[in-house]
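Asker: The structure under discussion is supplied below as structure tokens; questions concerning it will follow.
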Amino acid sequence: MQILLANPRGFCAGVDRAISIVERALEMYGAPIYVRHEVVHNRYVVNSLRERGAIFIEEIDEVPDGSILIFSAHGVSQAVRAEAKARALTMLFDATCPLVTKVHMEVARASRKGTEAILIGHAGHPEVEGTMGQYNNPQGGMYLVEQPGDVQNLQVKDEDNLCFMTQTTLSVDDTSDVIDALRARFPKIVGPRKDDICYATTNRQEAVRTLARDADVVLVVGSKNSSNSNRLAELAQRAGKLARLIDSAEDIQEAWVKGVSCVGVTAGASAPDILVQQVIQRLNELGGVDAVELIGREENIIFEVPKELRVEVKQLD
């Protein structure tokens, strides 16, 4: 049984930065460090940080006065940010992915101008909640759509003054269909100057398409609440392949790979490489041969951690 590895796969720059922020805060200030929401959507990462003293919470009022708080990579609304700044916290660090912040700025700009904004995204996802929460102009409006059918039912105030943006971890193909529906219904709608779906999401989806050409089965390493990991599994399924989203090697069922000639392995943007290596080891135990790395798009983007975690401590304003 051949093992093929998608390339690129695993950690993106935003995830790497977010995890580094929590790790460095723990090193510099010691436990406990409070983090609003899971810093990234991966069970292994969250459990590892929890063991080191990170405490993951959902509401700001769960954080004691004098504590250190970190916002997750998914970003937060203006209301949550204001609530945190009003608290007597020692330090506040923002691990929001810079590419999510880019979308936040697009929404905030639309809000200032009074332009109605339509976000393409998944309801209930923390990134979507944070992005929607950047709009606060009652004269305008902020709307969420997930699929083309939502566009047909959407009622806006002014069809001539509309813009749209997207969640960063969506399916490129599905999002294109929704954008086509928006442009058909609202011909004057304006989109972002640069695609909101991030480079890592796009690259990993492109890589899984390549992987699915040769693999009979595709294993996607990623947690169930990881948006980008779910999209990878869906893409492989659409290619007609058996696809499974797994948290770890322990989830692999022997029946999935029995009699299979080629297994493809990829990982979502929040899944660490150690999990991929454990999956390869398990597949080898089930009859796999040495894993072959496919040729893919090179990624060399790095997002720096806040300067306070590089140089000196700065008190929260």
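Each position is counted from 1, following the chain as shown.
Keep in mind that glycine also has a Cβ here, set from the backbone N, Cα and C atoms.
Annotations for this protein, taken from Swiss-Prot, read as follows:
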- C12, C97, C198: [4Fe-4S] cluster binding site (BINDING)
- H41, H74, H125, T168, S226, S227, N228, S270: (2E)-4-hydroxy-3-methylbut-2-enyl diphosphate binding site (BINDING)
- H41, H74, H125, S226, S227, N228, S270: dimethylallyl diphosphate binding site (BINDING)
- H41, H74, H125, S226, S227, N228, S270: isopentenyl diphosphate binding site (BINDING)
- E127: active site, proton donor (ACT_SITE)
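Describe the structural surroundings of these features, if you would.
Answerer: C12 ([4Fe-4S] cluster binding site) is surrounded by 28 other CB atoms, counting those within 10 A of its CB over all protein chains shown.
For N228 ((2E)-4-hydroxy-3-methylbut-2-enyl diphosphate binding site), the same-chain residues 6+ apart in sequence whose C-beta sits under 8 angstroms from its C-beta are T169, A200, T201, R204, G222, G268, A269, S270. A helical conformation is recorded for N228 ((2E)-4-hydroxy-3-methylbut-2-enyl diphosphate binding site) in the three-state DSSP classification.
Cβ environment of H74 ((2E)-4-hydroxy-3-methylbut-2-enyl diphosphate binding site): H37, T96, C97, V100, H125, P126, E127, G130 lie under 8 Å away, each six or more residues apart in the same chain. Secondary structure at H74 ((2E)-4-hydroxy-3-methylbut-2-enyl diphosphate binding site), as computed by DSSP, is coil.
In this view, E127 (active site, proton donor) is surrounded by 26 other Cβ atoms within 10 Å of its Cβ, with every protein chain counted. Secondary structure from DSSP puts E127 (active site, proton donor) in a helix.
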Asker: Suppose we draw a 10 Å sphere around the Cβ of C198 ([4Fe-4S] cluster binding site). How many other Cβ atoms does it contain, all chains included?
Answerer: 26
Asker: When you measure from the Cβ of H125 ((2E)-4-hydroxy-3-methylbut-2-enyl diphosphate binding site), how many other Cβ atoms are you left with inside 10 Å?
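Answerer: I count 17 other Cβ atoms within 10 Å of it.
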Asker: What are the non-local neighbours of H41 ((2E)-4-hydroxy-3-methylbut-2-enyl diphosphate binding site), defined as same-chain residues 6+ apart in sequence with CB under 8 A from its CB?
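Answerer: The list for H41 ((2E)-4-hydroxy-3-methylbut-2-enyl diphosphate binding site) reads G222, S223, N225, S226, S227, S229, S270, given in order along the sequence.
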Asker: Return the maximum Cα to Cα distance in Å (whole number) over the record's isopentenyl diphosphate-binding residues: H41, H74, H125, S226, S227, N228, S270.
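Answerer: Maximum Cα-Cα distance: 15 Å.
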Asker: For C12 ([4Fe-4S] cluster binding site) and T168 ((2E)-4-hydroxy-3-methylbut-2-enyl diphosphate binding site), what Cα-Cα distance in Å is obtained after rounding to a whole number?
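Answerer: On Cα coordinates alone, these residues lie 12 Å apart.
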Asker: Validating a neighbour-count step here. Other CB atoms within 10 A of the CB of T168 ((2E)-4-hydroxy-3-methylbut-2-enyl diphosphate binding site): how many?
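Answerer: Counting Cβ neighbours of T168 ((2E)-4-hydroxy-3-methylbut-2-enyl diphosphate binding site) within 10 Å gives 28.
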Asker: Let me spell it out: for each of the binding-site residues (S226, S227, S270), count the other Cβ atoms within 10 Å of that residue's Cβ, using every protein chain shown. Which one has the most?
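Answerer: Counting every other Cβ within 10 Å of each candidate, the maximum falls on S270.
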